[in-house]
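In what follows, a structure is listed as structure tokens, so that the remarks can point back to it.
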Amino acid sequence: MQGESLRSSVGALEPSTGGPYIDHHPRALSRVECSVPSQALACCSQKLVKIVNLNDISGRVFVRGELPDYLRHNGANASNGRGAQSTSEDDMVDITAGLQQAAAASVTTPTSHGTFQLYEHGGRNSNASANSYTIAQYFSSSAGDAVLFSGMSGDDDIPGIGQYDDFHTIDWQRDIARDRMRHRYIVKKRQDSIWDLIKGAHDAWSGWVCVLLVGVCTGIVAGVIDIGASWMTDLKFGICPQAFWLNREQCCWSDTDTTFDTGNCSQWLTWPEVLGGQRQGPGAYIISYLFYIVWALVFAALSASLVRMFAPYACGSGIPEIKTILSGFIIRGYLGKWTLIIKVVGLILSVSSGLSLGKEGPMVHIASCLGNILSYLFPKYGRNEAKKREILSAAAAAGVSVAFGAPIGGVLFSLEEVSYYFPLKTLWRSFFCALIAAFILRSINPFGNEHSVLFFVEYNKPWIFFELIPFVGLGIIGGCIATIFIKANIFWCRYRKFSKLGQYPVTEVLVVTLVTAIIAYPNPYTRMNTSELIYLLFNQCGISNSDPLCDYNRNFTDVNSAIEKAAAGPGVYHAIWLLVLALVLKLVMTIFTFGIKVPCGLFIPSLALGAIAGRIVGIGVEQLAYNYPRIWLFSGECSTGDDCITPGLYAMVGAAAVLGGVTRMTVSLVVIMFELTGGVRYIVPLMAAAMASKWVGDALGRQGIYDAHIALNGYPFLDSKDEFQHTSLAADVMQPKRNETLSVITQDSMTVDDVDTLLKETEHNGYPVVVSKESQYLVGFVLRRDLNLAIANARRTMEGITGQTIVIFAGTGNQPLSPPPCLMLNRILDMAPITVTDQTPMETVVDMFRKLGLRQTLVTHNGRLLGVITKKDVLRHVKQMDNEDPNSVLFN
Amino acid sequence: MYFKFIALVFATTCAVFVSGHSYEDNRCKCVCPSPATVLNNTAGADRSPFMKSANVQPNKCNCESVILPRVGDQIKGREQEFCPRCECKYENRNTTIIKVVVIIVIWVIMLLVVYMGFLICLDPLINKRAKASYQEHTNEDDESTLGGPSQQMGARGNVLNRVTHQQDKWKRQVREQRRNIYDRHTMLN
């Protein structure tokens, strides 16, 4: 037994069949011969328990009153198993009694769970004499996870059980079962006293209260970021001496007379003016240039050093990590208090430094941090990792909701892009959370424009059918730009990861900032805040727009207020050249920027890239329509003059296309974009562009940027979008391989010393528990962490625990309880591990891992334990089948 | 002591700013083409539009009440042509929120910078005096050396020590994060 390896270090994958294991223990049959049918029955009912779990997972309401009889029977077993654990004896009679009780319970109170009522019942009957040891034992082994974690709400709980170590995967099944048990406990206690009733009510509404708090906090934090970033961005250009906390627009807000020629009002002083010079002229330009660069460097240096000093996890966009966390991975500290503070402050600083980055992606991370922190106020969510992820999903929706002022888009983003497990209940909570967050941000009104984003535009222009062709063309362009971006960015990040560049994170930030500032300042379109650039490009040219981009030879004498098409003036052509330059610069700078060690997102840069490309195309089409209004393409709709081609719409479609290509979002992207424009009229153009962009992107490169970063970092993310298309079997993937033996724990014959030795000599995170080493019949599964904690706890609290104490996990009917006393560890044993047979196709196994959120599954052959498949094995196998390096997966 | 001082300074700064110059929170913003364009009927002569803001009632926010009293003499009875081309919008803002937020942001940044300076410059000195065996942050094996003294101090068990213990724990976590990201490059690349 000692030195056996359950999950050995990975050598060559040998296709191993179940063959050698069948005859491993010839003596096994002698003891368990008679009980094989009941084992089979137990296995069967185990699976049925899991079916119930599956139903709960998929969010459907499963009324216990409708349970078929065999499941109720199982519930009865569960209760009896519970009783058996205390006295280790049980009787067939209990099962019948329990069944009746279950039926009664489901009739009288259909909402409460039948199994719970059985809970006590089994205990009462547990002193019945044992006359059928084998059957009782095997029925108790089918007790199901529902019972085992009931200690969660008990008083004598071992501290730390149910938590996870850093960089481990959670077991959704187990956590959800724990929560269900806790819920039943509360429902039962509710009848005891008023106080318990209040506690029960608090428990029932805590989910909604939690998302309410998350929404409120997210809205406030978003407001702080918006106001702070817009003020600090303008600090690069000048200051408002009378009220230094106002940015340029707010400073000139109540100025009574402003012309657009200078763009400045008297209250706002640029830096050359502050220093006593004049507003115009080469000297002023140089001083402004210098101030711009210095401020940018100061902000970036502050941001990078704060991140490095206080919370390194605050760097980057955070969406790949949030995706991984929501898929059931633990990264301690990633959603902590310091990460939140530093991410907020660092985000304000890095956005203000003029780097080519946005605040929208990190907003999702910030909202998730808030969700995590606030969930600790509610033990239901704070202590249960699977439940906590429901709050995190809602928080991610709130993050996008405040980032774009798009609540529905946020919910869909959470559903489409980040969440892994998204039942309807979570959908409603996300909806509520996003609504609250958007409402709070809107009340703060950070931009003074009655909207929660700077680049909100309102359109009401029709589009003509022919325009779908340029829209699809924009989709293709967007897909190409996105692919270039993803490939180059991944190349650069990989280079950073494996070269000496990675050792100089702060220096890298400073160099990138310096280069960005030097190149960006001369071009007015890159100098300005990227959100303002997007707003300018989205907007249509009206009287209030004096940018060169709107230098059309328009005749304002006509009283008709419609903006008609007109010949482009020289300003437009000049602006186009500047925009082309800006496009190239932004693309290159974003490639180098995304991944540096400051908080940075890429929604805004991608939107800007697409908006530039779209606006250029739009101006082209517009001039075509102006010069040749009668060609068949426009089917006569452009001959009247007005309402023909809107370049701003093209900018919007282009922005959607690039963002769609980069992130591979479709539905949520279209919804976000139309919430930004406030009109449903452009859904079809946006859909066409998003779809074209996704197709082009998928054809040129397989992954979106987030998936590519997950792969680059090797996070253990089992993508539910990919299909597993290989023909391997469970036996090929499981550990141990041939020639190695499985580390197992026997249910009632190992001493504390044996267990200690096993824990010391192997590094597995869990051990199967079997009836005996000879028979290898499966009893359950115990986690290494729980085992450690339980033994340490027993040593601390119980007397007489020596190295020779027998550790008993289950079923000790034939063992005397005389000294030395046994250590009962039935509380930590998962008696309903998911099992598959060795001939199960991997396709099915991968599906089970994805849909049930398993951490491991046990492989059996002829009912006997053969091996274990963990999520890591599955991920390695997938990587190996895709001809990638299987050792790149970050995992414990 | 240290924190009290900061809080005091913070309060006084707030008081100073609250009593300072106050900006309007409502405006009616009208954007119009320049009168010359309309009157001369010459396209492209002087097209630069202009903007007027005024503090009026929301229902008075239109060209007739805001623009005409100011430029009426230039227009000379051609209001019917001029006014339809003006865009008037009533807008709200809250300067108090902006002020409070910006000041809080500045304070938080300053606090963090001061604390960072403290951790970089003073903390090693203090710790060096406290225990000679202090290891540099980048050392891989310093977890045990840091864990030991803090536990001994925890035995005395007053609030200060608990704070120190928490701080040590936090520092260990940050060091671990730093190692993951900056040295081993296993995360967030």
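Glycine is no exception: its Cβ is also placed from the backbone N, Cα and C atoms.
Keep in mind that this is a model prediction, so the values were computed, not measured.
What TrEMBL annotates here:
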{"type": "REGION", "residues": "A:1-24", "note": "region 'Disordered'"}
{"type": "TRANSMEM", "residues": "A:205-227", "note": "transmembrane segment"}
{"type": "TRANSMEM", "residues": "A:289-311", "note": "transmembrane segment"}
{"type": "TRANSMEM", "residues": "A:331-351", "note": "transmembrane segment"}
{"type": "TRANSMEM", "residues": "A:363-379", "note": "transmembrane segment"}
{"type": "TRANSMEM", "residues": "A:391-415", "note": "transmembrane segment"}
{"type": "TRANSMEM", "residues": "A:464-492", "note": "transmembrane segment"}
{"type": "TRANSMEM", "residues": "A:504-521", "note": "transmembrane segment"}
{"type": "TRANSMEM", "residues": "A:575-595", "note": "transmembrane segment"}
{"type": "TRANSMEM", "residues": "A:602-621", "note": "transmembrane segment"}
{"type": "TRANSMEM", "residues": "A:649-674", "note": "transmembrane segment"}
{"type": "DOMAIN", "residues": "A:734-797", "note": "domain 'CBS'"}
{"type": "DOMAIN", "residues": "A:825-886", "note": "domain 'CBS'"}
**OP:** Report, as numbers and ranges, which residues of the same chain sit near the transmembrane segment (A:649-674): CB under 8 Å and 6 or more residues beyond its ends.
**Re:** 400, 404, 406, 408-410, 412-413, 415-417, 457, 459, 461, 463, 470-471, 474-475, 477-483, 485-486, 534, 537-538, 602-603, 606-615, 617-618, 621, 680, 682-683, 685-687, 689-694, 696-698, 703-707
Original post:
Which of A:289-311, A:363-379, A:391-415, A:575-595 has the most Cβ pairs closer than 8 Å to the transmembrane segment (A:504-521)?
Top reply: A:289-311
Subject >> Positions whose Cβ lies under 8 angstroms from the transmembrane segment (A:205-227), at least six residues beyond its ends >> reply: 344, 347-348, 351, 359, 363, 366-367, 370-371, 374-375, 377-378, 380-381, 390-391, 394-395, 398-399, 401-403, 425, 429-430, 432-441, 443-444, 446-447, 452, 454
Original post:
Over the domain 'CBS' (A:734-797), what is the model's mean pLDDT?
Top reply: 84
Original post:
Which residue counts does DSSP give the domain 'CBS' (A:825-886) for helix, strand and coil?
Top reply: 26 helix, 18 strand, 18 coil
Original post:
Would you list the DSSP helix, strand and coil counts for the residues of the domain 'CBS' (A:734-797)?
Top reply: 24 helix, 17 strand, 23 coil
Subject >> Which of A:363-379, A:391-415, A:575-595, A:602-621 contacts the transmembrane segment (A:464-492) most, counting Cβ pairs under 8 Å >> reply: A:602-621
**OP:** State the residues, same chain only, that lie 6 or more residues beyond the ends of the transmembrane segment (A:575-595) and have a CB under 8 A from a CB inside it; answer 'none' if no residue qualifies.
**Re:** 316-317, 355-357, 481, 484-485, 488-489, 492-493, 496, 512, 515-516, 519-520, 523-526, 533, 547-549, 551, 602, 605-606, 608-609, 612-613, 615-616, 619, 705
